[in-house]
Amino acid sequence: MQFLFVFFLITNIYISNIRLELFTSITHLTHLLNTEVELGKRLEGYLKEEYERLHNVEKFLNVIKDEVRQAQQDSDHYFGNPVNAYLFIKHLTAEWYAVEDLIKPENGKDLIKQIGDDWIFPSFEDYTGSATALMRLQDTYELNTSQVANGEISSNFKSKKLSARECFDLGRVAYTNNDYYHTLMWMQEALDHLDSEPGNDTTDKLAILDHLAYATSQQGNIEHALALTDEMLNIVPDHLRAKNNKIYYEAIIKNRTLTKQQRKGDLGHDDNDLGAKITHIEIKRSTNDNFEVKNIRPSDYLEEREIYERLCRQNTTHLNVARQSKLFCRYRHNNHPRLIIAPLKEELLLDRPEIFLFHDIISSKDIEEIKSLASPKLKRAVVQNPKTAELEAANYRVSKSAWLRNEDSPAVARLTQLIGDATNLSMITAEDLQIANYGVGGHYEPHFDFARVRKKSEKDAFSSLGAGNRIATWLTYLSNVERGGATVFPVAGARLVPKKGSAAFWYNLFASGEVKLMWKDLNLTNDDLILFATRFIRLFSYGMLSVTLILYLTEIGFSQVNIGTLFTSILIGDIILTLFLTTTADILGRRNILIVGSLLKLFAGIVFAFVYNYYALLIAGTIGIISPTGGEIGPFLSIEQACLTEQVKDNGKVAKIFSLYHACGYISTAFGTFLSGFIIRIMTHHYSFTTLNAYRIILLHYALFGLIKALMYLTLTSKIEVTPLGKSTKEEISTKWYSKKFGLRLYESKITVIKLCCLFIIDSFAGGFVLQTIIVYWFHETFKMDTDKLGIMMMLANVASGISEYERLSISSAVCATPLVSKFGAIKTMVITHFPSNIFLLLIPLMPTKLWAITLLLLRFSISQMDVPARQTFVMTSVEADERSAAGGITNLVRSIGLSISPLFVGYSMKDPNKKFLFGLPFIISGLLKCLYDILLFLIFYVKKRRIEITNENSLNNLM
């Protein structure tokens, strides 16, 4: 029994031990089950990521497969679409970089390496360049952003609709380039597409709003930028940058009383650039309270931008009937044996300058051979840096080029020989054949195809090619272009459409070797020539009168006080009369007002010649038009310039015509002053005229010129008017007269204009002390100068003044080589040219001899007018765009008022020529006041502006 008990006990213990191990194993399995659950989750997440990764790779693969399928059908047509070209390069750069990161190194390393070694990929610069090219085409051809984004460029160019992400990427390229004009367009388009796409991402919307808000603020729409920032904060309340920007925008809005110059500092942007193109974009918000914002295309260095782009858009060159009649087509052989057998088809496309188009110059076989030879040699085209003279790539020339020699192929040799036969020019000194390839958005901005040898930077432009200046240019077209691709000539207003196998030819130099700048090729109409002629006659008569008027009034017995009062009355009357006539010219007709002004000139001349009564002359001078200053008076200048701009729509030509127009005036004034003195001397010394009668003859000539002008104005056509003056037009204009023509309203620019008026009235008041007639009188009495010598002196003074003014005006037309405004800015230019002339002025009466006094006078006139264009530019860029006309009208009115007051005081100062100091006091007062004007101008608008800019830069660094 004991044995059995012991065995049972041992067995029981053994079984119990077995059960204990089993319990321990089950517990571990339970824990392992949790591991398995977590493992499943991790594997599921891993597979999801892998599926998503592979899905993205597959998605990219499907995109490029679809792209390859479409491109292989007709690659030239496919890539001719700028949207397709942009997306293609984007796929192989930005998107491929993202796919590259998705491919696992252990599996795809060999694949990536093999592709990178064996195949060429575009660079990221190519990607940004293609985006910029698309936006350049959008501007040049005025393509709507939505149409481009929806793939509806034209009936011939259809492409896929861009996604919100693709629109965003385009906007981000512009944003990176500080191009907020296009940023605003494309970010808004991205927002529109995002709202219409299913499953849009909040993160994407936040990024779009972030870029859109900042671009909107940089375009001057602060309130709208604040609204977009608030929308960002509704999505992410703790967005740090949005919170800081909100404070910044609210501070600007609160401080709306700041001057315009200060707000420029706040925004880092000037929305009043001359020539800037303003469009309006509708900003859509989730709150459904949409609004429009202004979007300003920034002005740039290229003055001909507007006409250049317009010529690219239009279908043909627009010539009048007279010029079209001079064009022809003919066979040309130049009596050359080879061409007698096979003459060339020559077409004259333009008569001034002559541009020829030769048809069917080269066979398709030779074209393909030349293209195949050039393709492997194509490199980014370069231009000569004007400062370093080095050849380098530039944004204004986007293309690739290669150079071929005659020995490279018989096709090249045949083309070279043909060019020599057709032009009769030696090909020994010609450059090698340059093959240029302009891709989508490729362009070469307006440029001279020759070296302007007078410019130091261009003197040796072709030395690297071993050639002299370009006598002529031959341009062979090797392909057709479905849209765009034209060769345009902005100054000539011509356009040449590429045609495969044809060639354009034109001369760059005259036979003498002088360059053809086409400055004179302005295509002036008959109306323009009449306006130039009336300008010349008018200023000629003003110049004649400036030498004799004050001497005539003295001769008939008027005191200096009476003369000063008369001059003041004349100038005040001119202010009222000119204001009335110029504000009614578009209602009553410009030609009619010009005729009325000329008849008033005739009236004033006759009355002054035959009437000696002081009060009669006072009335005639006030209601008539007679110039005591030697410069413009009456409504003629404003109305004639309006007529010229009505005839010429191209800004580049307008600037050049105005340059000639002003120069014409100064030259005629100079001749008028010169001839007036000689006519009086001849009549008094050779024909026994009394001095009084000689002066009267000048006044009668003045009246006669008024009559001649009236008859010339009668020949003007209706093209100079705003619109044909029908009954309905008159009624329509009349209803808008007071609100648009006569109302000089200012809002944002009020403070700036008030400051300018306070300064300009000081300058013009000072100028009234030294009118040309007063200068003539001072020299006549002080140095006993005869009228003929006075005429020569004033002629030289006006020529010097005309040269300085002409040079400044030429800057705006890209002809003059001394761009002071561009280098120093408007304020500095005004001060550095005006201040020294004022010093010369106040020193004139202190000179001991006539020679020194005349020398200082000529020095003064040589630089005194150089501030005028700078002043006009400053006024126009210091005020809001929609207030420029009002600002210009008010500041000119104030200047006229200041000019009319001071002659009254001159009469009292110059009563006695024997009192030398008092007699010369007007020069000293004028010089000192003008110096004060320069100092105040510099302190108020330059020094203060710099302080504000520094302050705003510090604020911007703290907030942004």
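Positions of Cβ are set from backbone N, Cα and C atoms, glycine also.
For 527-945, the entry in TrEMBL reads domain 'Major facilitator superfamily (MFS) profile'.
Sequence annotations record features per position, and here TrEMBL assigns transmembrane segment to 536-554 (among others).
Taken from TrEMBL, the feature transmembrane segment covers 560-581 (among others).
TrEMBL lists 593-612 (among others) with the feature transmembrane segment.
If you look up TrEMBL, you'll see 660-682 (among others) marked as transmembrane segment. Distant neighbours of the transmembrane segment (660-682): 522, 531-532, 535-548, 630-632, 640-641, 644, 691, 694-695, 697-698, 772, 786-792, 794-799, 801-803, 805-806, 809; these residues of the same chain sit at least 6 beyond its ends, with a Cβ under 8 Å from one of its Cβ atoms.
Same-chain residues lying 6+ beyond the ends of the transmembrane segment (694-716) with a Cβ under 8 Å from its Cβ atoms: 527, 530-531, 533-534, 537-538, 540-541, 544-545, 548, 551-552, 555, 591, 594-595, 598-606, 608-610, 625-626, 643, 676, 679-680, 683-684. Annotation comment: TrEMBL describes 694-716 (among others) as transmembrane segment.
Look at TrEMBL and you will find 753-779 (among others) tagged as transmembrane segment.
Only residues 6 or more beyond the boundaries of the transmembrane segment (839-859), in the same chain, are considered here, and those with a CB under 8 A from a CB of the stretch are 770, 775, 778-779, 782-783, 785, 793, 796-797, 800, 916-917, 919-921, 923-924, 926-928, 930-931. What TrEMBL records for 839-859 (among others) is transmembrane segment.
The transmembrane segment annotation in TrEMBL covers 893-911 (among others).
Remote same-chain residues near the transmembrane segment (917-943) are listed as 261, 755, 759, 762-763, 765-767, 769-770, 774, 778, 781-782, 827-828, 830-831, 834-835, 838-846, 874, 878, 902, 905-906, 909-911 (criterion: CB distance under 8 Å, separation of at least six residues from the stretch ends). Taken from TrEMBL, the feature transmembrane segment applies to 917-943 (among others).
Below 8 A, the CB atoms of the transmembrane segment (893-911) and the transmembrane segment (560-581) form 3+ pairs separated by six or more positions in the chain. Below 8 angstroms of C-beta separation, residues 550, 553-554, 593, 596-597, 600, 614, 617-618, 621-623, 625-626, 628-629, 633-635, 638-639, 768, 771, 773, 893, 896-897, 899-901, 903-908, 910-911 of the same chain, each at least six residues beyond the ends of the transmembrane segment (560-581), sit close to that stretch.
The average pLDDT computed for the domain 'Major facilitator superfamily (MFS) profile' (527-945) is 76.
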